[in-house]
Amino acid sequence: MGFHIYEIKARQIIDSRGNPTVEADVILEDGTCGRSAVPSGASTGINEAVELRDGDKSVYMGKGVLKAIENIKNIIAPELEGMSALNQVAIDRKMLELDGTPTKEKLGANAILAVSMATAKAAAKYLGLKVYQYLGAYKANILPTPMCNIINGGAHSDNSVDFQEFMIMPIGAKTFSEAIRMSVEVFHTLKGILHGKGYATSVGDEGGFAPNLKSNEEACEMIIEAIKKAGYEPGKDIAIALDPATSELYDPKTKKYVLKWSTKEELTSEQMVEYWSKWVEKYPIISIEDGMAEEDWDGWKKLTDKIGHKIQLVGDDLFVTNTSFLKKGIEMGVANSILIKVNQIGTLTETFEAVEMAKKAGYTAIVSHRSGETEDTTIADLVVALGTGQIKTGSLSRTDRIAKYNQLIRIEEELETTAEYHGKNVFYSIKQK
């Protein structure tokens, strides 16, 4: 039989930020090859799986991944060679067993994930299926509503905007292709507005603009202006989604949120909740990710009680795609959505488990990229396979982001009349009071 793993190769390649990352090839007995590369994040949750870096400052500023690659070649490969590539759960469990740590610090989540994803791609190719068909079977027909990053701030840029991502969601589109067209039109319109006001139109890590705006509010106002000027209605055709990444603003000693890029103002948890409540009243915001810090569970509970019935509240640093943290959130009634980043947890099997838990609890799930990406488009197939209905994969520029959108356009075409785009109906976790 040709579906057993014959050989696993691994190499160090470069991501979209110019940092090394891991790429793996899983080769089956019949010569079928699956290849996958892993991403990395700029703002990382304290509880997420460990990305193994070499730490040798004289090589790639300490960011080399040769240790992770050696772990694939010397520890993972000898154990997986001969196993069936068609049994993803067994492959992933074997790697978790070999690592034996809660955060995958022994082998590195970057080593484990590269092999996990490459195995799925090899298995799909062996069976003559697309990756989304293999992972999602007959249910894989929902195209996601995209969260398109158009203004960057915080750790993703060098400006005076505190919040990391300002995004648009084309909730009024009828198809995924139309959603991308609408987003592109707003992106280019925004570029023209920024240019006209004398702002720079250079882009950040994820392809959004990073102008030196005067305030956080100005970012929202610029986006609303761009939506209208492009011919769309804010809140109806296109809504705003935010990722303020407030863990980056939180001081655990003082338990205050410091708006360090703009006013230097210090806010208590209660004041931060009020801040977001006012923004939701003022702007057409449909989703806020990491509106409170990952350590501030009480603040998260207050935020959820205050506005969780109005908008989607996404836990990223809070949950780190981990079922134990998600379970705690569900029990406490904290957030109503989880961000799914495969490299935060480290295997496809655990990713599927997290999405299943979220859906059972009535939480939405959003498949996400990282700020350090590659040309790998696995998450585009994954979001269709999981049927989460939402994807966050950057702006409408930079090939590392566009590659995922283009793959989804191809998938929509392949699905023909069975393709579904749910638009504003993806927000089933918003419990109206």
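Backbone N, Cα and C define each Cβ position, glycine as well.
The Cβ of Ser371 ((2R)-2-phosphoglycerate binding site) has 24 other Cβ atoms within 10 Å, all protein chains considered. Following the DSSP three-state reduction, the secondary structure of Ser371 ((2R)-2-phosphoglycerate binding site) is coil. Positions annotated as (2R)-2-phosphoglycerate binding site by Swiss-Prot: Gln164, Lys341, Arg370, Ser371, Lys392.
Under the heading active site, proton donor, Swiss-Prot lists Glu206, citing sequence analysis as support. In three-state terms derived from DSSP, Glu206 (active site, proton donor) belongs to neither a helical nor a strand segment and is classed as coil.
Sequence annotations record features per position, and here Swiss-Prot assigns Mg(2+) binding site to Asp243, Glu289, Asp316 based on sequence analysis. According to DSSP, Glu289 (Mg(2+) binding site) sits within a strand segment. Sequence-distant neighbours of Glu289 (Mg(2+) binding site) (same chain, six or more apart, CB under 8 Å from its CB) are Glu165, Ala241, Leu242, Asp243, Pro244, Ala245, Leu313, Val314, Gly315, Asp316, Leu339, Ile366, listed in sequence order.
What Swiss-Prot records for Lys341 is active site, proton acceptor, and it gives sequence analysis as the kind of evidence. Other Cβ atoms within 10 Å of the Cβ of Lys341 ((2R)-2-phosphoglycerate binding site), summed over all protein chains shown, number 26. DSSP assigns Lys341 ((2R)-2-phosphoglycerate binding site) to coil, not to a helix or a strand.
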Where Glu206 (active site, proton donor) and Lys341 ((2R)-2-phosphoglycerate binding site) are concerned, what is their Cα separation in Å, rounded? 15
